[in-house]
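According to TrEMBL:
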type     : residues                       : note
ACT_SITE : Glu280                         : active site, charge relay system
ACT_SITE : Asp284                         : active site, charge relay system
ACT_SITE : Ser478                         : active site, charge relay system
BINDING  : Asp519, Val520, Gly538, Asp540 : Ca(2+) binding site
DOMAIN   : 203-559                        : domain 'Peptidase S53'
SIGNAL   : 1-17                           : signal peptide
Amino acid sequence: MARVSLLLASFVSLAVASPAFKTFIAQETIPSAPEGFANLGPAAVDAVMNLRMALPSKDAAGLHAALLDVSDPKSANYGKHLSKDEANAFLAPSADAVSAVQEWLSSKGLVGKVSAGTGDWLSVSVNVSTANELLSAKYETFQHIESGKTYNRALSYSLPSEVASLIDHIHPTVVFNNPLSLGPVLSAPGLVSDATPSSCATTITPACLQSLYNIPKTKVTAAAGNSIAVAGFIDQYANSADLKSFLTKFRTDMSSSTTFTLQTLDGGSNPQSSSQAGVEADLDVQYTIGVATGVPVSFVSVGDNWEDGDLEGFLDIVNFLSDEDDIPPVMTTSYGENESDMTKTLAFKLCDAYAAFGARGVSVIFASGDGGVSGSQSASCSKYKPTFPSGCPFLTSVGSVHGISPETASTFSSGGFSNYWGIPDYQADAAAAFLTAQGTKNSGLFNASGRGFPDVAAQGENVQIVSGGSTGGVDGTSCAAPIFASVIALINNDLIATGQSPLGFLNPWLYANADALNDVTAGSNPGCSKSGFAAVSGWDPVTGLGTPDYNKLRAAAGL
């Protein structure tokens, strides 16, 4: 009898030690698909999906504190950037969390693939039938009506109690990314005109920018480690022949053989047929190489074999770069979407990755969007729509201006206040001054306690490029982002050449040196059938702190 009791006790102990994963806890739920999506019914059970599971970081708050410590000019640790391992360690999940989630997956015959870099994502390829069982979900097929694209999504999902607290988010589940908002924030889908007006008041070339922003024409000697990374998505290819023509026409003082290096992920490539030249990619490469004279530029081409589904490489490029030992000190991206297209948990994970880049000394720069207050692109709305990732407080968002004497806000320049992130300390005084001056205007249309964007601006209308062999002008904050990035890269070059650290995360430094930018006080960014915000003295959610003055910014950097 005693032996039987001992065996029974051992069996009970074993049962307790081996989770059954049968009690589910609801995680995320939405009442229906967003406007613009139609439900086509249950998803095909044999359709394959790549589920990405975000695991909680060990110390995201510690990363934020470390980032601000090395980015605040008043800090004793200003410029003492972290190593890759130091930054990634903050975002890494606990070993116990990884083990527990892997045990759950193993119970279904699955093994999660750990992401590169921080390791805070697990991915597993499953069919819809398995996903439904795994997540106690009901995947259905939804069609984005305007584009015709279809997606498998669940309106809710649950997780076993043993792992519910160990997973922040699973994608794809309840996030419906608008395929028309996740794209280049470029107002003109093609070239506007082959005409070249004679005045910088109506057309922008590198020479105009050199004059407007005191940008040097002389080629710098590239400092070791200094460069600019240009992110390329959705089959946008940078054409070398177009770059050569651009330099021949607009930078006659430069060698027309100047080019860029190529990095690829997700099956990315960069075919050179003129018919495949991308307006966005050509723009970004031409206005980094053609403005930051002598600073090396790399084009990071993200292909269509996305591991992150309809995020279309946004997460993949983060994981790819976080695993690199050396990241270019400036990274410029001209793509974005509406903040509401992301769940808060997913948006926070991506934002934390940008914080890790900043802690390593990288200036992360994004175009703010081209929809005014209506989001990344012009759309109908009842309340103002902030854009992603511009609402993330750990990157620099760039709006657009046009004209000279004075520069005036572009009506399409996306700007506003985040619904996900609060006002960061470095922006508190500037945002408060704007809100006080605005009074009750726009009341109820935006989150007055949210992080404001953009942070800065640059020229973004009728910017001359060469694409597919044709010369013409394009509009968009996509123009402004690489221009501002180029100014920062030139300053970094001098800092690195004199043995100093690159600027890294820019915002605390920019807001502490607002007088080093050209304040823009004319124009507005209407949308949602409303007047939008106005550009005013000081910071505003249209043009930020203003446009760059290279000489003043260089002096603010101590050069």
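Using N, Cα and C of the backbone, Cβ positions are placed for all residues, glycine too.
Note that the structure is a prediction, hence the values are computed from the model and not measured.
The Cβ neighbour count for Gly538 (Ca(2+) binding site), using a 10 Å radius over every protein chain in view, is 16. Each residue contributes its Cα atom, and for Glu280 (active site, charge relay system) and Ser478 (active site, charge relay system) these two points are 7 Å apart.
The Cβ centroid of Asp519, Val520, Gly538, Asp540 marks the Ca(2+) site; residues of that chain outside this set whose Cβ lies within 8 Å of it are Thr521, Ala535, Val536, Ser537, Trp539, Thr543, Gly544, Leu545, Gly546, given in sequence order. Highest Cβ count within 10 Å among the recorded positions Asp284, Ser478, Asp519: Asp284. Annotation for Val520 (Ca(2+) binding site): spatial neighbours Val401, Pro406, Glu407, Thr408, Ala409, Ala457, Ala535, Asp540, Val542, Thr543, Gly546, Thr547, criterion Cβ-Cβ under 8 Å with sequence separation of six or more. Cα of Asp284 (active site, charge relay system) to Cα of Ser478 (active site, charge relay system): a distance of 8 Å. Ser478 (active site, charge relay system) is 20 Å away from Asp519 (Ca(2+) binding site) when you measure Cα to Cα.
Looking at Gly538 (Ca(2+) binding site) and Ser478 (active site, charge relay system), their Cα atoms lie 23 Å from each other. Within 10 Å of its Cβ, the residue among the recorded positions Glu280, Asp540 with the fewest other Cβ atoms is Glu280.
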